[in-house]
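Since the structure comes first, as structure tokens, the remarks are kept for the end.
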Amino acid sequence: MMLGLENKLKLYGFNNLTKTLSFNIYDVCYAKSEREQKDYIAYIDEQYNSERLTNILCDVTEMIGAHVLNISKQDYDPQGASVTILISEETLAVKEIDKSCNLGQIDILKTRDTIVGHLDKSHVTVHTYPEYHPDNSIATFRVDIDVSTCGEVSPVNALNYLIGSFDSDIITIDYRVRGFTRDIDGKKLFIDHKITSIQDYIDENTLKKYDAVDINVYQSNIFHTKMLIKEIELQNYLFNRDVYEIKPKQRLEIENNLRKEMIEIFSGTNIY
């Protein structure tokens, strides 16, 4: 489902609603030795460096119909990356844009050690969090993306693209609408589009791969969806190892440990 411009509400003045999408994905991997765990973290760090994350966020900006004003990005030592993009709902004349904004020009970005993106009213940010523990054979990787917009632009239109951009075993999505605008008669509007569930904006083929749970507070315009991958294809969770090198009994044990890790992350509770 897309939030289109058809059947537009007739508003008085500017649309003052703020729509914020918080999107977290978790990728889980089996890495038995400390060497494998460190290699996995290094691999993830390279796969999702600030340059690739910048490209993803620029695509998101285009999908929601916004325009890049400024980009800031940074890779961290020993691992992790961050990107922030400031966006505007409509194209602005060059003379209207603050001189500190780089408009996402790559040649400018190459001359800076740190890059941040800005919108006139809105922003898009991403941070990565690789993680492992030497006493645990499982390593994880979290991507935290926030898209906040004002006006007619809604970030939920980019959900399918975001899910497809990462290897997602667990997904948590929060969407909220704040503020109010007015119609032409002066009546307050606390939301300007219909929504009953975040799942309404996720492709059916994607939903079939996950168990999904909603927790919504409609009177507060708060929507929350959690998703857990249904099937574990073990080969996809092994780092630099072939599944056939592992004995069947150990395969089952690894699958059980992966599933337990996913369930705890999904529930936000130490269960096992």
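Yeah, the Cβs are placed from backbone N, Cα and C, and that goes for glycine too.
Noted in Swiss-Prot for the protein shown:
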type     : residues : note
ACT_SITE : Ser122   : active site, schiff-base intermediate with substrate
ACT_SITE : His127   : active site, proton acceptor
ACT_SITE : Cys150   : active site, proton donor
MOD_RES  : Ser122   : pyruvic acid (Ser)
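Distance between Cα atoms for His127 (active site, proton acceptor) and Cys150 (active site, proton donor): 22 Å, as a whole number. Ranked by Cβ neighbours within 10 A across all protein chains shown, the active-site residues Ser122, His127, Cys150 are led by Ser122. In this structure the C-alpha atoms belonging to the residue listed as 'active site, schiff-base intermediate with substrate' and Cys150 (active site, proton donor) are separated by 6 Å.
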